[in-house]
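What Swiss-Prot annotates here:
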type: BINDING; residues: G170, D171, R172, Q173, T174, G175, K176, T177; note: ATP binding site
type: SITE; residues: S363; note: site 'Required for activity'
Amino acid sequence: MPTIRPDEISTIIKQQIEQYNQEMQVSNVGTVLQVGDGIARIYGLDKVMASELLEFEDGTTGIALNLEEDNIGAVLIGSGRNIQEGSTVKSTGKIASIPVGEALLGRVVDPLCNPLDGKGPIQCTESRLIESPAPGIVDRRSVYEPLQTGITAIDALIPIGRGQRELIIGDRQTGKTTVAVDTILNQKGQDVICIYVAIGQKQSTIAQVVGILTERGAMDYSIVVAAGADSPAPLQWLAPYCGATIAEYFMYQGKHTLVVYDDLSKQAVAYRQMSLLLRRPPGREAYPGDVFYLHSRLLERAAKLSSQLGEGSMTALPIVETQANDVSAYIPTNVISITDGQIFLESDLFNAGIRPAINVGISVSRVGSAAQTKAMKKVAGSIKVELAQYRDLEAFAQFASDLDEATQKQLARGQRLQELLKQPQYSPLSLDQQVAIIYAGTRGYLDDIPVEKVSSFKQGLLAYLGTTHPKYGEIVLSTKQLTDEAEEILKTAITEFKQSFVAKAA
């Protein structure tokens with residue numbers, strides 16, 4: 001056994017005294033009173049903030065939502081299966097934030113930006129708060145640039161501008177997600193970063209969307225935030241805010257972003273579940289009193305920034321699902337009142353083969369017309385009126401047997417315009433193609449073409465224009481206008497193609 005000399009003992013004691021750290025670590029600790037259904041009631045944690053992150057003994061994270069007199073109601077982000085009554089909880093002193101950066105492009109992540117695509121960790125240097133204040137009045141400017149969706153019916157009749165919030169609303173299986181995905185596909189080469197937020201969707205549906213985006217090369221400029229149907233309610237509630245936070249990072253760098261929230265009905269249901277479990281008083285349709293604020297604070301973050309802030313933009317396309325075309329339910333009316341217009345999709349039109357199934361009569365864009373390109377404005381000015389008149393006459397014509405010639409002409413024109421606006425999914429059209437087909441329809445070139453041949457005429461005309469008259473496309477795409485020269489080329493092309501088309505049909 002080694003012996004220690006007395007002088008060594010004094011040296012050891014001196015070293016121990018020198019190494020002694022007087023700093024005290026103060027942590028705010030509480031105790032779990034009750035846990036279950038993704039909710040925990042905690043005693044203690046006197047100095048906790050609203051929406052502060054909490055750390056449970058088993059490593060689960062929670063968010064403090066209810067700060068009551070004698071306890072705290074927290075929601076669990078995770079299963080929380082190992083949390084027991086009496087477990088300790090620490091407050092972290094942090095509000096929920098996520099890592100953001102260019103590294104997210106092309107990735108599929110959960111609402112906390114953890115990768116779900118098996119492509120390894122995401123290296124981000126910056127982080128942003130999930131709940132950020134929306135830009136103020138001085139920080140914004142009015143919407144003036146178009147966001148081309150590639151869907152002729154929308155770009156001609158319900159145009160969307162960069163920085164706008166346009167609601168896509170309709171029953172299940174009416175093509176809401178298809179409209180949003182088509183819009184993302186059409187942003188290729190437009191320098192727009194797209195974020196698709198899937199809330200409460202089936203995993204197979206999310207995989208299908210990711211598959212289409214990957215196949216078409218759209219994942220190069222897209223990010224998918226997924227909180228599937230099997231995700232805990234708090235993650236489904238946070239997912240849209242996470243998508244907005246990622247978009248804000250790019251927006252404040254002067255870039256243009258597009259965010260699709262698919263869909264906000266499921267986010268409201270997740271929030272209702274959490275609120276009822278936290279014993280918050282229920283209101284209409286059992287939703288809590290602040291469900292309007294839930295969506296307004298999210299959608300107000302979409303903006304077109306002023307020139308001082310770099311002129312970036314965030315365009316929001318929220319999706320809301322209705323039951324039996326009831327637009328007057330609680331969540332649909334809330335979101336309609338917050339957004340700058342809505343695209344209403346109808347199951348009757350969808351089943352009748354009119355796809356995209358847009359009801360032109362009640363769909364509206366409140367600010368998009370200011371952003372519509374001059375070329376589109378020139379050719380599409382009369383199409384909305386003509387379609388609306390056609391719908392009225394169509395209902396009338398079912399009961400009247402003998403119609404005057406003018407009415408018959410109007411009905412024939414309306415049928416052809418309706419046929420012209422049909423478009424298969426995942427095949428967006430460029431601006432010059434849209435202008436060409438609408439010009440052909442509104443200027444009467446299709447009036448003597450049989451309705452069933454309008455679709456093949458449209459396809460043939462676009463192919464003919466691209467091969468024999470490429471200058472037309474160059475002029476329209478570079479100037480965004482239908483100049484006199486472009487119009488002459490277009491007239492010549494339509495006349496030439498129509499002659500050959502009619503000759504072949506005969």
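Backbone N, Cα and C define each Cβ position, glycine as well.
Shown on the structure are the features that Swiss-Prot records.
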{"residue": "G170", "record": "ATP binding site", "Cβ contacts under 8 Å, 6 or more apart": "K176, E321, T322, N325, F344, L345, E346, S347, A357"}
{"residue": "D171", "record": "ATP binding site", "Cβ contacts under 8 Å, 6 or more apart": "E321, T322, Q323, A324, N325, L345, E346, S347"}
{"residue": "R172", "record": "ATP binding site", "Cβ contacts under 8 Å, 6 or more apart": "E321"}
{"residue": "Q173", "record": "ATP binding site", "Cβ contacts under 8 Å, 6 or more apart": "S347, F350"}
{"residue": "T174", "record": "ATP binding site", "Cβ contacts under 8 Å, 6 or more apart": "L345, E346, S347, F350, A357"}
{"residue": "G175", "record": "ATP binding site", "Cβ contacts under 8 Å, 6 or more apart": "L345, F350, R355, P356, A357, Q425"}
{"residue": "T177", "record": "ATP binding site", "Cβ contacts under 8 Å, 6 or more apart": "T205, V209, D262, I319"}
{"residue": "S363", "record": "site 'Required for activity'", "Cβ contacts under 8 Å, 6 or more apart": "L157, I158, G341, Q342, I343, F344"}
Residues close to ATP site centre defined by G170, D171, R172, Q173, T174, G175, K176, T177, Cβ within 8 Å:
E321, L345, S347, F350, A357
Cβ atoms near K176 (ATP binding site) (within 10 Å, other residues, all chains):
26
Please report the DSSP secondary structure of G170 (ATP binding site), reduced to three states.
strand
Need the DSSP three-state call for T177 (ATP binding site) to compare against my parser.
helix
